[in-house]
Ligand SMILES: CCCCCCCCCCCCC/C=C/C(=O)SCCNC(=O)CCNC(=O)[C@H](O)C(C)(C)COP(=O)(O)OP(=O)(O)OC[C@H]1O[C@@H](n2cnc3c(N)ncnc32)[C@H](O)[C@@H]1OP(=O)(O)O
Ligand SMILES: Cc1cc2nc3c(=O)[nH]c(=O)nc-3n(C[C@H](O)[C@H](O)[C@H](O)COP(=O)(O)OP(=O)(O)OC[C@H]3O[C@@H](n4cnc5c(N)ncnc54)[C@H](O)[C@@H]3O)c2cc1C
């Protein structure tokens, strides 16, 4: 064990195992996660780490072990595939959930156990604007079939992941069967028997290479009427159409995966913090005091300023992910019972948090990579691969700007309800006070009140102010004679800013609520410090908002920075212990810099020597190209 890492782990002020249990949702969940990791994967003789051949093995093993819970599937897959995506990701997180939520019971029993599939919604011309999708599904009562067709080049299905040309079970959206409704169909295609199908791969991408994203062009392809997923909407044999309770029920799978992505952003950020903070504990560079030994780079205040707010953010997003999934499960349960009353709130929350967490994590991964210097740029660190695999999450499952505007739509509607005298409940209830809040600068001392509850209140006021400013912008545009749509478009910068502030407040509130539930004094203390750091760091980044909201005075601004520096110093002794609590196994992290034992340099040399380019003393290219050239010179 590297002596620096060993020293960092002495004098713990809190019980790491208890913190790991809180992250897992209880000791039993930790034990189950480790059982899957240690027993069902690492000690399984069939386990051939991360090679393509192990994909079929993985599927058969999941069935053999009876692992069907999505979280447990993810634990198992993340051990198999480390930090990368794999070809079946879409099957488990989109195709299956769509069958679970959109099939009637007969269809469910017929399809769920048997098939592996993908989710083909996006077309070359439309990914965001679903009402613009062009693929048609025309019912033919004579044959009781739907005729599926791609009428234009822009209607070609583009991007579906896991598009193995050998089998085509896919779920796709077609354009409205009636005014503004969409429906989902399960294809029964199988190449090469079906004519009218043109399929292929969309070509090299930025990354995501384990997933073969394909294209699919349909030329009047027929599928049985029964292949329309009919839990919510039906087409009867006579061609009559039964509308769903809400046209947005078809969008349910996207809400589910957005809810998952929130916690996943926390997981990915926790992986990167583990790598960067462990490395920063063993890396010595330059000097602080002339003539003294080179310090650990973790002792530089700038390194702490890069990494510790991200560490706090990782914890914040993991707790937000728990809240999001609990809320999704509760509300989707109500929806299943026909109560759609909270569907708008679930959409607004999942859309906003998906955008907020992925944008922040995306930037954070790069900060972690750059904080590791040159070795962060090496694939041995795992950080470049983590970035390449994560960054599309800002685009897929709802492009982030568009998602923030969906949340803004809900905020504006809520604000108008308050103006009309209604009393709001739920996540936007803070808007009830927006008219009664003293927005003028309060007479406060130059010292900042560090109480976490006070900080949550300040974030709430900031969000309320930005919601009001966005609403006022729309009103001002309308007053200038702009139509409603143009007034909206001319205010979208303010609307995204309001949604971002709303999400920031929600995440801090969730973090504070989680800290309040922690009973162990040591864990409560270190988590409280991190929650404070998360809040103060955000206040430092958005000082202007807090000044504009009148909850921070010019005299207090220097104390924000002073307070931030104090919190960084307070986190320093626990930094390595806090990433240990994430409990990422070396095999899964797959990072030379993030090793639990901190023996970075020896491992890096071994990693480099194992490179294919080092298989021979002299690379074959010398003999093949250079030597013949030398002979001619
Ligand atoms: C344990 C596992 C962990 C691992 C997880 C990690 C992630 C793994 C990743 C796997 C790989 C992913 C691969 C990627 C796949 C994909 O990308 S699939 C395709 C995704 N595509 C999208 O997300 C499309 C985005 N677009 C839309 O969702 C919609 O077009 C829109 C932007 C929401 C607009 O829809 P539209 O019908 O035009 O509605 P509007 O006119 O804007 O609004 C009308 C009202 O409808 C409400 N509404 C909209 N959507 C919903 C919804 N989903 N639910 C409820 N309500 C909705 C909206 O709020 C409006 O309401 P009112 O304001 O009251 O009118
Ligand atoms: C790695 C990866 C995997 C994918 N896998 C799948 C899959 O398996 N199945 C599937 O169906 N799809 C998949 N997709 C497609 C993905 O869902 C779409 O790319 C995504 O929904 C964004 O749509 P778009 O590409 O049309 O972008 P666009 O919507 O064209 O976005 C381009 C720009 O336009 C802006 N914009 C668009 N609309 C608005 C608006 N109303 N207001 C303001 N700005 C706006 C956006 O903010 C963005 O800046 C995948 C994509 C990626 C990158």
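Including glycine, each Cβ sits where the backbone N, Cα and C put it.
All annotation found in TrEMBL is predicted automatically rather than curated by experts.
Pulled from TrEMBL, these are the features on record:
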type	residues	note
DOMAIN	58-115	domain 'Acyl-coenzyme A oxidase N-terminal'
BINDING	122, 161	FAD binding site
DOMAIN	251-412	domain 'Acyl-CoA oxidase C-alpha1'
ACT_SITE	397	active site, proton acceptor
DOMAIN	451-629	domain 'Acyl-CoA oxidase C-terminal'
The residue listed as 'active site, proton acceptor' and residue 122 (FAD binding site), compared by Cα position, are separated in whole Å by 10
Averaging pLDDT over all residues of the domain 'Acyl-coenzyme A oxidase N-terminal' (58-115) gives 82
Cβ density check for the residue listed as 'active site, proton acceptor', other Cβ within 10 Å (all protein chains) comes to 24
Around the Cβ of residue 161 (FAD binding site), other Cβ atoms found within 10 Å total 23
Residue counts for the domain 'Acyl-coenzyme A oxidase N-terminal' (58-115) under DSSP, helix then strand then coil, are 40 helix, 0 strand, 18 coil
Ordered by sequence, the long-range same-chain Cβ contacts of residue 122 (FAD binding site) under 8 Å (at least 6 apart) are 157, 158, 159, 160
DSSP says residue 122 (FAD binding site), in three-state terms, is coil
Three-class DSSP assignment, residue 397 (active site, proton acceptor), comes back as coil
